[in-house]
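In TrEMBL this protein carries:
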ACT_SITE  TYR58  active site, proton donor
BINDING   HIS143  substrate binding site
DOMAIN    21-303  domain 'NADP-dependent oxidoreductase'
SITE      LYS87  site 'Lowers pKa of active site Tyr'
Amino acid sequence: MSITAEAHSIPLSDGNRIPLLGLGTYGDPQTTPKGTAYEAVKLAIEVGYRHIDGALVYFNEHEVGQAIREKMADGTVKREDIFYCGKLWNTFHPPELVRPTLERTLKALQLDYVDLYIIELPIAFKPGDSFYPKDENGKYIYHETDLCATWEALEACKDAGLTKSLGVSNFNRRQLELILKKPGLKHRPVSNQVECHPYFTQPKLLEYCRQNDIVIVGYSPLGTSRDASWVNLKSPPLLEDAVLVAIGNKYKKTSAQVALRFNIQRGVVVIPKSFSPQRIKLNFQIFDFSLTEEEMKAIEGLNKNIRFVELLM
């Protein structure tokens, strides 16, 4: 079953459509073997994924682009079938850096445009050669940023045809309102990518975004790896939750598939990251069952307001 069907995508306020299920391509350049993202994206497209979530700071956009282009060349997909999301990193917030950074992503992908381009975080680091600038004491070097000025530079990128849609990531309500209430706003943010899963359901932010025609894209929809360098290890493993396991047993599904289905039924787009062929296939098999209203309420009741991704920066 293909998620390119309208039943498996959400219309965005600018007329674009975003598939409900995507493949996250985050990879640590220090530990992820070369070619991993390339193989994962190729397989994902063959399985039926059409939404690919990437970023310049993942250091693998050249591999992702190669995979997309090869699946276009062999006739599996056309460019318009693919929905690629790119991200503006913290060191590129000054308006004069925005378009060159997006063009850098397009050059790596070897594509003419991205479908969605988002501000990755509402904070800025000092511009320069280092993506993670730190002082002699090992502390991040921040940079004063004007999110409205950055947004205007993004609007110019959309007007130039370099991206079809614009959005943000890790923004709270106050930060969203900075953009939405900006004088002379030309293009509204159509999405907000945030951590979202049964232990962190984001009900208030979800409702606010619904009221403002902003789609929530949930990262870490299955929890995360147990990497102490960036994950809150005090958080209990999501996929071992008894409620998710029991509901999965009923439908002959995994707890991961239940967690993904839960968010999709709430209108939240999910982008599970996986480089495992088996899991890439399993994560896609969520369109052949539905959770009951009682099951949805039971999963909503699991909310603990727990973040796995702490973003200590």
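Glycine is treated like the rest: Cβ placed from N, Cα and C.
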Whole-number Å value for how far TYR58 (active site, proton donor) lies from HIS143 (substrate binding site) (Cα to Cα): 21
Per-residue Cβ crowding (10 Å cut-off), top of recorded positions TYR58, LYS87, HIS143: LYS87
Spatial separation of TYR58 (active site, proton donor) from LYS87 (site 'Lowers pKa of active site Tyr') - C-alpha basis, Å: 10
